[in-house]
Amino acid sequence: MLILGIETSCDDTGVAIVEAPNKKGAFKILSNIVSSQIKTHAPFGGVVPNLAAREHLKNIEPCLKTALNEANVKMKNIDLIAVTIGPGLIPSLLIGVNFAKALAYKFQIPIVPVNHIEGHIVSALLGGDFNFETRISNFESNSNFKNSKIESKLKIQNSKFFPAIALVVSGGHTQLVLMKDFGKYKIIGETRDDAAGECFDKVAKLLELGYPGGPVIAAQATKFQISKSKFQIKSKIPNFKLPRPMIKHKNYDFSFSGLKTAVLYLVKDNKNKLKDEKFIQEICHETQQAIIDVLISKTLRAAKECRAKTIILAGGVAANTELREQFEFEIRNSKFEIKDFLVPPKNLCTDNGAMIAMAGYFGAKRHPAPRDNSWKRIKANANLRTG
């Protein structure tokens, strides 16, 4: 069974061809093409919805052609189309949804709607050393299209895997999701204002470090850690301490706008230090650590109180090395038993069509799509909820 996955919820155009699990339980990602818009939005310090839609319109057909060529298949070989319908930016979503519907109508292929958050969650099925054997080879073509071929053998046994707690953290989303099975989701916590990735972007903008903020802040934080180690600075007490918003609240919600504001005041009060590289590096280190502390604390408490057997970390921010390593350390040293900690390979943390194809597979198993008119039911929903 070949699945075409289409993702256009924000600023990445993703098209992938995925072979559904066979009797041995293996997903095969035959092609996974992503066209990035970072250069387009960088001058604005964030995603401009109408510009994003324009770029999707320009890139989506070339992405499809490249994906088909890399997978060595034709549209007539596709058995199912999976497309992101939300949540996301409505101008962007409409490009992918309408493109997918046109393909479904023209080639008479069943089409299933996919929740973007579920796509991130199932992308973790290709990660981790616990339940999966994964072979990965990455390469870039001559353009800005990125491709990765992956084969993963699933070894999930529902009784041992669920319940699970999934932390989906990206530029647009920060959610804690309780999973009782595939398709059985309940949001138990989410951000009340800025998402974690959005906080990274805004802090980077305040410090004039560029866009996207996550990678540049992580790089500066690493430089600060190396500097501390080089000069053998043993004290863990920083020159300043940023807030860990809502970390002690009994609910599972997040809030990162206060952290961003704290950095703003710190910058205003220390204008004479803004040309000091070490000062900028320390702000980045403390910002990153504040976000990590909150994410891990909330997730582990949710896992303990929900008696979760598995923790999933997914979304663009899940590519942050420090977050991944500290999460694994805290889980291994926790006083309650977590059987599995699943994280996608870094190249599958950001938006891509492969995760949508995989989520579409599970969606089609739950609700098989008719071949003749399934495209008529597909509608974009910018505010789509998980569960």
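Yeah, the Cβs are placed from backbone N, Cα and C, and that goes for glycine too.
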For this session: From N59, N69, N320, grab the residue that TrEMBL records in the same substrate site as V168, V169, S170, G171, G172, D201, G214.
Result: N320
Seminar exercise, completed: If you count the other CB atoms within 10 A of the CB of H116 (Fe cation binding site), including all protein chains displayed, you should get 28
Exercise. Hey, how far is D201 (substrate binding site) from D351 (Fe cation binding site), Cα to Cα, in Å?
Worked result: 17
For this session: For the domain 'Gcp-like' (28-126), give the DSSP counts of helix residues, strand residues and coil residues.
Result: 62 helix, 20 strand, 17 coil
Problem set entry | Between H120 (Fe cation binding site) and V168 (substrate binding site), the C-alpha gap once rounded to whole angstrom | 7
